[in-house]
Amino acid sequence: MLDLIATRRDLHQIPEIGLEEFETHAYLMAKIAELTKGKSFVSIKTWQTGIVVKLTGTAPEKTIGWRTDIDGLPIIEDTGLDFKSRHEGRMHACGHDMHMTLALGVLEQLLVTQPKQNLIFLFQPAEENEAGGMLMYEAGMLDGAFRPDEFYGLHVRPDLKVGDIATNTSTLFAGTCEVKVSFKGTGGHAAFPHHANDALVAASYFITQVQTIVSRNVDPIEGAVVTFGSMHAGTTNNVISETAYLHGTIRTLTQEMNDLTQKRIREIAQGIATSFDLAVEIDLRQGGYLPVENNPALAEELMTFFDQAEGVNLIDIAPAMTGEDFGYLLSKIPGVMFWLGIDTPYALHHPKMSPDEAALAFGVKQISNFIKTKAG
Ligand SMILES: CC(=O)N[C@@H](CCC[C@H](N)C(=O)O)C(=O)O
């Protein structure tokens, strides 16, 4: 029997960046081999660090998919836990260690008796950076006999209690777009600004002006987020910067609003470059981070199931501006994503984020029951 807490703690100690999840992949493969030993109805495929496990049903009419992500973040952990990250500058601060453990736990439950329907378990890399779900889909890993007819997945949520399951029948997460802007001017001596062309000043105007996208271009009822989390320019006090680099993210609930926001970022960056007479490079990359759109009928069914399940507090929740490449998979295959409460005061991506591990046993029990009713 899988020890959920020990498994989660093992995984917590080995966080890796997207597409570099080699130790995690090896750990998962070993656990999956242990769980599926002697089960002739199981087949396994891998793609880079990703894994797909298929359980062939006894009389399948459809294939039900469960998806987990396996990557960590470039964050220095500050939880003080005795099982904290062993990988310098890497942390499972988005709870993917919980997601992987839940997937293994549910897999174990579904292996007890061969199900009637086919089941697919997708362990995808790079949810945080390279849209690994999209990459695996495009590589054909979910083609043919491995293609689910319905797809389900979850994300842990710190501000919900253990026992809470939250989702809705429409949009759950935003579509995102990664933004990179580089201004290139002419460096020089601080004392002779008239001989230089200061990229740092241009970047400062840019960062101020992009704030007007949300306040002046976006419908206030609809909303959007434009956040630049990183800005680098210059080396010391008396040298004028030749270059300035900004790295940010757009969050919107519709693709139309994402397109509008991308267009305004481009226009503002180009306008600033023209007015300061310097060069600009703009890189806007949406990849697979489409809005996470729940299938209304399947979401209704899932919500009714959990609403009636003993011990579950079902919440019909508003969308959040988090992103997820599960949005890409749900644009191809109907399904549902939901939040699972982990009750910790620290937000996702915070160096002190530390889930209540009681969510593991609760999640495995409830999700297994849900999938068993669907899979027979
Ligand atoms: C759940 C979560 O935190 N997801 C990430 C997804 C990142 C998408 C992309 N790399 C971007 O930054 O736009 C999030 O930050 O919401």
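The backbone N, Cα and C atoms fix where each Cβ goes, glycine too.
Model, not experiment: these values are computed from the prediction.
TrEMBL annotations:
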ACT_SITE  D69  active site
BINDING   C94, H96, E128, H155, H349  Mn(2+) binding site
ACT_SITE  E128  active site, proton acceptor
DOMAIN    175-270  domain 'Peptidase M20 dimerisation'
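Positions of TrEMBL features highlighted on the structure.
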residue: D69; record: active site; Cβ within 10 Å: 28
residue: C94; record: Mn(2+) binding site; Cβ within 10 Å: 23
residue: H96; record: Mn(2+) binding site; Cβ within 10 Å: 25
residue: E128; record: Mn(2+) binding site; Cβ within 10 Å: 21
residue: H155; record: Mn(2+) binding site; Cβ within 10 Å: 24
residue: H349; record: Mn(2+) binding site; Cβ within 10 Å: 15
* **Sorted by sequence, non-C94, H96, E128, H155, H349 residues with Cβ within 8 Å of centre, Mn(2+)** => D69, D71, L73, H92, A93, G95, E127, L348
* Structure fact -> Per DSSP, the domain 'Peptidase M20 dimerisation' (175-270) contains 37 helix, 35 strand, 24 coil
* To do: Could you tell me which of the recorded positions D69, C94, H96 have their C-beta within a distance under 6 angstroms of some atom of ligand 1?
  => C94
* Structure fact -> Of the binding-site residues H96, E128, H349, within 10 Å of the residue listed as 'active site' (CA to CA), in sequence order, we find H96, E128
* **D69 (active site): secondary structure state under DSSP, collapsed to three categories** => strand
* Averaged over the domain 'Peptidase M20 dimerisation' (175-270), what pLDDT does the prediction give? -> 97
* Asked: Once the DSSP letters are reduced so that anything not helix or strand counts as coil, what is H155 (Mn(2+) binding site)?
  -> strand
